[in-house]
């Protein structure tokens, strides 16, 4: 029998190896310092600046940019390699300076750098280095993930996958999300094209531009996160205090999409999306979600529909068996307090029933177009679908004042 995917205990945030960007040397703070010659006062700061520049140039020299694989208004993505080892490939994401922001970097770029420095896990994309280039553009050196993303696998009907494959992918996703939550980080944009695939077949959670620490439960947060098709109902209803349950809903939608090979609940606007959720799953009411009517944007979509039955769930998603359907149902529970946690998902009985998860080396994979898709995924600003879907659905997010 298969065992539950291993739950990795959270570790303290590791000391970043990218400290060359954080070096600041201050002159000795003494009341007598004003009597020193100006050159003595400023020389430590000048030295610090020069040292930082030298370290930055040394870091930059370690990597060679080859060809561009993604270009956007937010970032360009290049295929690159180690200067000392041309066979060691990397992806270099050059985040463009944003004139609208005081520091030149949009908040999402700062978030991505911060959380990728803090989170190290086999199923989270690795940040290998960071340096600034001409014009002070920020360059993130990321691990090379050449096999595209999970959305490619779902859409390509020439690729055949089954329950064992879905179990492998979902196990890796749940472990990544559990690790984030155990370290008090919400991802807030989980969707198939943010789940990239490495050369060994492992799945990697990427794009932390909307991520947020949730260690302070009393602090309100924005509801304008998570791409609409994967956004939970509490955010549509205006809940400003939330935790890991918002990510778990997104994971449940990804699971359902894997089964159906199409988005489970989708619409062309936020208003239509919550109406579609009610039509597909039932209407959130005080009976199935105590307290929901007190949320600031709660509205009743007529006619009020009861929650769908177990038989309806099975008819739609039964390809993964009754136990697998139960896991989807627990992930897509309306009341976030009753929704299963990422840790609970990893302890669910689905992992203990046959079939066993497919081994990494045996997972289906896309043989062509993976590099370009990696570039498209990494260049995209958080919260926006790819060009094909974005042409149909306008879902750009307002980042000003985001928390």
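Each Cβ is built from the backbone N, Cα and C atoms, and glycine gets one as well.
Annotations in TrEMBL come from automatic prediction, not curation.
Per TrEMBL, the feature domain 'Protein kinase' maps to 63-351. Annotated ATP binding site per TrEMBL: 94, in sequence order. Marked as region 'Disordered' by TrEMBL: 361-385. The compositional bias 'Basic and acidic residues' feature in TrEMBL is assigned to 362-384.
For the residue listed as 'ATP binding site', the same-chain residues 6+ apart in sequence whose C-beta sits under 8 angstroms from its C-beta are 75, 76, 77, 78, 133, 137, 138, 139. Secondary structure at residue 94 (ATP binding site), taken from DSSP and collapsed to helix, strand or coil, is strand. Mapped onto DSSP classes, the region 'Disordered' (361-385) shows 12 helix, 0 strand, 13 coil. Confidence over the domain 'Protein kinase' (63-351), given as mean pLDDT on the 0 to 100 scale, stands at 94.
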